[in-house]
């Protein structure tokens, strides 16, 4: 119990509460020993808390400064309410689901998706110390990984908790962290397989329970093996206690294993139809719980994910279908009712390939051995159902075992042995239900063993800390649960008695319970064993976490796991592969004709009983192996907590949480820590915090001596503290006492300061009052005098104003009257004149109107007279016309007139009929001819098609090398072409004939119809219409045939053109083998202008203008991925261009090609190679004058071939040595571009010899040396280049990109480890954060190495020196400014992102004083960038998020105006980042305050209305790579004699021209 002095007025205490477990109360009066009550203030009023003795005092609350602490063991008071309150604050107020508790990571399931598991978070935690970062599952994984690589010792991560607390998710994130950190950026096959095992095990081992929708119903231990370089090379999985009873029975609102529902959901797939599946509600094994679907899940997509995982692990599709067939058979087995025609039994037998009648027989019968004879005994209906369910459980259990073995075989690697491993244990937590059976008994037994191992490990770490600090310590007593373990597994323990009862012929659950009562209650009472009052078939065990009552029903059957031998024999005869259905022992027994089943007993007489292994015995063996493995490794603990049973996001139920904290051992850790010295401070940190309580020297150097001198005076009891080598240790509550003393000292000092300040203020106020009185009197008297003078002045001014005003008024009246008179006169005169004018206008208008009216009347009279005359004329003419019409009608009706008109028409009709008959016969003849021609054309078409197919088949065959075509073959081909042309011409004529005949026939028919219509339209109309319809139909038919022939003709004509082109191509390539278009280049003679010295550029003399860009173009290469693609190319054989150059026919082309190939290396490539390694020399080529080059070639080609060959050999060796031996310091002292110029002279020297082989060998040696130099810092395999110039450009571009990225990679590696210490931790402003030490932040986790004090910590000066060295090297090599800006843009982004991410994950950095330090460090970097002129490339802009984050730490955070200012200022930060920084903000001193929740809510409300378009992620992507542009800058013209070649290279002979 803490010191009684702390129970003073105003202290916070915790009192029990039935709903909230613990509630906070305020002490209203001091407590004195002997008082029986405490007066407390609660939220709902005052209360008297009874206190019988000092031991009954309520627990004290921790200081406010410790609220929301990362590590529970850093709390001053370590007890249950403090732990519960701290977890609640972090979970609800800060949305932090992870909290440390010594070596344990407490993880609370948020039931929500949080953005804290991305790759940027993995990068932020990778390589960081556990004590420096916010609690996270990645931090535990990183600690295990670093410990393994540093100490070369195996590690284990033990994840436990209730169902639904998030164990499986934590295990998946742990393995994902290892896959990313232990592998490459892109996962290798082993890491991919490790991650692919998760969906498979979730499908066959997870199910929905009342507490969790994805509950793991088995325990697993995954060993991830690592190689010497820390990469994952293998993995292995061990499983424990699969809940096989779930296969045949599910409680209400629960489901069977996910795989069954996934199969039912995919029953409509083609490959699944053979399984005869139906909906899950139709099967007994999937419908008992009543829950068919899980909200938010898709069983069909989950099955596809499972099948993809099987494929990744190497399980073939046919094996997958075998698995699905067995699982479907299990579903059908659940529907079996032994009847005459049982469809489910038939489907089950067909799927497994077994005999249906035999299966039906042995499901209802059993074989007994009586007196050496075998008897068959029928079973009851209940026994048959149990036998059926036992078979189903056996099949599923064997299938589960085979799947695990198959996964392990896929996760092993061949040829590589794991140096060490990290094990991840995902195991069930302590369970207690209303009805507890055999499964809960085994689970709680496993948790007893794990809790014992955990307690001993925590105790061991505490003792190690004391030994390391050389403390005089006594053994810490802790509750060991060895007695409870002995009760379960010891001699005559529960397991022993259970196995003994299973071996009894008539053993039963009741007899076993009676033996337990006799052994552990009557003969030798055990403190952890009890008997329920109201039951004789149950027993109670007092576990470390709780008291659990177990019902004995089913214990024996579950322990035996009985499967009849006859059913096993039927499975052995199955057509399905037996390794799916039988375990290894059964397979061996099948081969040796031995009838025994090791996994559970097989009822087959005495022999089977002697060989059986019970489930309890197997579980004890596997658990002991697990404990041995855990004891041989360094454990790390993760305890998962389920905050509520409603699965609501961020809902905290204190009663459920406390229950789990007691069960998972977190409170035991607190108790062990509280038993020793839980509070630990380094001397420097203690001195910084409590300097005002110490005496003696006030310097940091004398901190330890000052602490040792003063602390005995502050804490009289020496047992409450202890001095170590580097730390001072305190008992629980002593830090709170020191805080109280510190606060009292500060209060006394504040009172003294206030007294002095108030006196000084009073004196200042009195002096000011006296001075103010005199001043006021002086001002009052002056004001009265000025007021009198002003009155006199106002009186005189009033008289002058009155006089002037009166004069102005009279004058204005006179002027107004005069102006009004003038205006009236003017308006009157104007009115009279306008009136007279209007009279004159009216008279003139009347005269004009009369004239117009009289003219109109005259014209109207004329029109009426003319209309009457015209009408009379029309009437007379109409009458005459009617008379003529009557006369004509009379004549037309006479017979004589009709006969005169039709005279001679009969003869004409007969002639026309004869002519029509003749035309019809001709048309029939033409049709026959056309039919014959069609048949002939069809035959020709078939022949042509056959010929075309034959030619195409010959074309597709591989051409023989260098075919020789004789003249006879050429002549035959020509004849074939002529014959084909004649056939096509004849076919064209045939195609035109139907059109001509059709046209003539149509013309004749039209003329014939016209004559008949003219003669007798009424008699021949029907015949003509019929003939027209027939002719029209025939015309349409002919037209369709004509179009078909036309299309066939077009196709044949195209085929003919293709054949002719092939023939011509074959003749043109006689004796020449065709090459790919990408390897053959056609060369043209360059124009004389290309060879002029003034126009000579690296690409201007290229003979391939289409293959390369012009010198003015800028090549842009996107480098958006850290691992860019390198295109593979090899030195190819001689191309036509090379052969032409070697023949010497076109030496100008040869020179151009040489200059082209050598001018492709840019100064940027030279630069990055020289900076990458001491053995790297980069090459930049400068072309010399063309005329000098030509003279040099002409002079060297005369009689010096032998000498050239010798010099080439020496040159090749010297070039290789020069490239590999030159160091960076010597290379940087050389003029820029000298290596490239020397290389060009070497190639020119070799080119003059005319020997293509030697020239190519020299170039190959140069490129190989360049790549070898690059390869010294890059383990990736570099591919050689090719002589194809188009490919050479791409290859050299890739080399430039590689060199650029390698340069950035080297610089980033040098900066990576110093960015955070220099930018965030270094104190560039001395003394700013000297007293800003928060309680508990300096406590290291138990078992960690003590933090080293002193040493050369990285500072901003080191970062600036690294950047300065890089900038100096880049400037010396004349790198283009744009490319230099791009490089520093990338580096500053890395610095900003790394520092910003670390700031968001470190609570100790989020304070005002640290923000001031960071802002100053960033300003140094900004000033350095501006001094080098690098701000134009965006380097300064990348620092904006970090700058705004620091401004957020320094700004005010109280009022709504402050919130609006923050939202307007932090435009580069996302909403999540702003809220995270506000949440992590920690007061740096007593004068500062925490950010209130109301202020955070206000900021969140303002951020909702801001559409800033910021990404939703919390951390910045450190791996982001900006695109880079490589500008083309042609080198200046340089003569050979201008080069300064060092004599050490021994290549001075290159100057000879």
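Any Cβ shown, glycine's included, is placed from N, Cα and C.
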According to TrEMBL, which of these ranges is region 'Actin-binding': 554-576, 577-599, 600-622, 623-645?
623-645
Which range, 993-1027, 1028-1062, 1133-1167, does TrEMBL list as coiled coil?
1028-1062
Of 835-894, 895-954, 1195-1254, the range TrEMBL labels coiled coil:
895-954
Which range, 656-701, 702-747, 748-793, 1070-1115, does TrEMBL list as region 'Disordered'?
1070-1115
Just counting, how many other CB atoms are there within 10 A of the CB of residue 163 (ATP binding site)?
20
Counting across all protein chains shown, how many other Cβ atoms sit within 10 Å of the Cβ of residue 162 (ATP binding site)?
25
Out of 161, 164, which of these binding-site residues shows the lowest number of other CB atoms within 10 Å of its CB?
164
With an 8 Å cut-off on Cβ-Cβ distance and a minimum sequence separation of at least 6, pull the same-chain contacts of residue 167 (ATP binding site), or say none.
159, 160, 161, 216, 426, 427, 429, 640
Counting only residues 6+ apart in the same chain, whose Cβ is under 8 Å from the Cβ of residue 168 (ATP binding site)?
202, 206, 214, 216, 426
Mean of pLDDT values spanning the region 'Actin-binding' (623-645):
90
How many other Cβ atoms are found within 10 Å of the Cβ atom of residue 165 (ATP binding site), counting all protein chains shown?
25
Within 8 Å of the centroid of the Cβ atoms of 161, 162, 163, 164, 165, 166, 167, 168, which other residues of that chain place their own Cβ, given that this set defines the recorded ATP site?
109, 212, 215, 216, 429, 640, 642
